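*Asks:* Supplied in structure tokens, the structure appears directly below.
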Amino acid sequence: MSKFWILVKQLYKQKIKAKSFIFSILLYLVVISCVMFWSDIKEALFSEEPLKVAVLNDTDADFKALFTSSADVEFSFPKENESKVEKKVKDGDLDAAIFIQDKAGSLVAEIATFNPLKFNDQQSLSSSIQYAGKLYEVQQLNLTAEQADKILQSETMITTKNLNKEAAGGKSEDEKSAGIGASMIVGFIIYGFVMSFLSMITTDVASEKGSRVLEVLLASIKPVTHFLAKLTGTFLLAVTQIVILFAVQSLLFILVDGGEKWDTVIEVINSLSAGYVAYVLAFLILTILLFLIMGALLGSLVSKVEESGQAMMPAMMVGVGGFYVLLSGMYSPDTILVKVCSYIPFTSGMVMPLRIGATDIAASEPMISLGILIVTVVLLFMLSLSFYKRSVLTYSTGGIIQKIKTVLKVTT
Amino acid sequence: MALVIQEVTKRYQNFVAVDNLSFTIEKGEIFGLIGQNGAGKTTTFRMILDLQETTAGTISWNGESIHAIDRDLLGYLPEERGIFPTMTVEDQLYFFGELRGRKKKELKEDVNYWIERFELEEKRKAKAETLSKGNQQKVQLIASFIHKPEFLILDEPFSGLDPVNKDLLKEAILFLKENGTTILFSSHQMENVEELCDHLCLLKRGVSLFSGSLLDLKKQYGKTKLTVRTDMAIEELTALPGVKDVTIGKEQYTLTLEDESYAKGIFDIVSKGDYIEKFSLDYLSLDEIFKDKVGGGNV
């Protein structure tokens, strides 16, 4: 076995057995499972009593069809008078009472509660009442049932047509929101991986340098070999984690609920284009590489392992910045900020998938962004390699800038 | 000649770490590099190990440039101790052995031998970070030569070891020498250098003050240290011909002579032709020579 692989093996074996590695896989599994199985979890843990609402209708119209009970709300239509119902609300037998009356041909309603309603419940009651109001107005016009129905059910068909032939075929709103959803998951995964493996490689290099093992190692291997072994080892760990994560998660989806969630996942994957998946993979791999190179370089600057947190701060900030841009893009993926960040190599991995999935962009844009990312990875790699040779044996104090200055000073 | 260092200089932007240094080490000998902190010992080692470039001069091993040789010929124990904190003692030794080109099977016998010799049997499966400082140092020392290097560099191998472990280490170094290993080591504990070294180089701020055999160095000063036990007063002794300095020790005086030729005359005066308990003329110890050379004359 060459020295390179001996180093890779040592790093891989050591880290894969580490508690933090196993723990982080478990953490990811828990987070993803919580999201996917939220409805089941909610049911199991927070099986709330449905909201009890009484509807007192003073008009001639029949609204029973509108106020249908569900798992969340249970409607009743008591024949009792207002004060009795109000007493029930006060006693807690009812959560709310809706009093509907006619006022000059229009519907007016009053919601009586003792404990204020939750925002969601309030909203859903309001919209039911609004709809009832519209129905009431229409009924006043003495239209036929079909006519009334047509007005109430009317919905304008909207299709999009892009006259720019170069732009990708316009996406429908549904496609765009699916794209946002998928990109959020992708962005979260990239962010999570980048942060954890950045920290792993920085700490690893820093601890070897801090414990002076590096000096012994470098007496028998070239710094280049060490640098490459660190990158390869950590990268293989990242790949291992991704594979384990996907395998276990898929298994979980297939086994739980008779594969119901698995069908959902397949459906989502089918709705994504092959190009999108290819871009996401390319951005994922390159972004991880980019941050690993930065991590190794920053780790080589510190004098002891305690300083590695401080050293990786700049890379962390950039990563967090990218993630926030991604979050801001959730509601409006077309802003200038998102566009600019989709080209910056350190953030493009998180932001560009969002633009590809959720906006109509020309095919050339992701390609250019990917090109910039590749060039940056190559340049940073070369730069780091030459700098690494000089920084791994230089011990200095002060901030990052000061350390870089010292390295340059004592090695030139 | 195994290692030849020829007019080697290492210059940084604003200071010279090693200045025009030359020395040679014969195959199979133990060579000591001595100097104060910052004298340039570690820089010299790093240049030999090709961890740092030389600004000028050449370093060769068996006639071949140090840049071109197989790195597995070398073994290195750095001054600042470094081992993998979470790796077990045994794994650590296998790792360094394999990294330097030996197969795990071949290593087994040596690993067992050295673990036993350095009394680490109980710690075999212990993580390095749980060991005492002395034990960590022993592990690292074994790691530095487990691959049987031809040339072993030990930077301050004795610092931090208790007397028992120091003896273990000395025996190990002599054992390696007997097996043909060339050893270069630095120390500022002169008694170790004196016991082990055949040749040495004295460094002061990057400049070599002396390079050659220990005996030659001592001969340079001659036998000028005279220890006597006498009833004479210090003033009387100081007034004797050829005496540069007198210090009072435990029931004895130590006289520094201008040169050894005065000794006989002093013996006659001090003994007065009678029995005398102690009159001993010696070479200066390496420690004293070192202080004289480096400190600029204050022995």
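Just so it is clear, glycine is given a Cβ too, placed from its N, Cα and C backbone atoms.
Per TrEMBL, the features are:
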type     : residues  : note
DOMAIN   : A:19-385  : domain 'ABC-2 type transporter transmembrane'
TRANSMEM : A:21-39   : transmembrane segment
TRANSMEM : A:180-202 : transmembrane segment
TRANSMEM : A:235-256 : transmembrane segment
TRANSMEM : A:276-299 : transmembrane segment
TRANSMEM : A:311-330 : transmembrane segment
TRANSMEM : A:336-356 : transmembrane segment
TRANSMEM : A:368-388 : transmembrane segment
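Describe the structural context of each listed feature in the structure shown, including burial, neighbouring residues and relevant distances.
*Replies:* Non-local neighbours of the transmembrane segment (A:235-256) in the same chain are 8, 11-12, 15-16, 21, 24-25, 28-29, 32-33, 36-37, 193, 197, 200, 262, 265, 288-289, 292; each lies 6+ residues outside the stretch with a CB under 8 Å from one of its CB atoms.
Non-local neighbours of the transmembrane segment (A:276-299) in the same chain are 179, 182, 186, 189-190, 193-194, 197-206, 209, 227, 230-231, 234-235, 238, 269, 308, 311-312, 314-315, 319, 345-346, 348-350, 352-353, 356-357, 366, 370, 373-374, 376-377, 380-381, 384, 387-388, 391, 400; each lies 6+ residues outside the stretch with a CB under 8 Å from one of its CB atoms.
Away from its own ends, the transmembrane segment (A:336-356) comes close to residues 179-180, 182-184, 186-187, 190-191, 194, 275-276, 279-280, 283-284, 286-287, 290-291, 315, 318-319, 321-323, 325-326, 328-329, 365-366, 368-370, 372-373, 376-377 of its chain (Cβ-Cβ under 8 Å, at least six residues beyond either end).
Outside the transmembrane segment (A:368-388), and at least 6 residues removed from its termini, the chain residues within Cβ reach (under 8 Å) are 223-224, 226-227, 279, 282-283, 286-287, 289-290, 293-294, 296-297, 300, 342-343, 345, 348-349, 352, 407.
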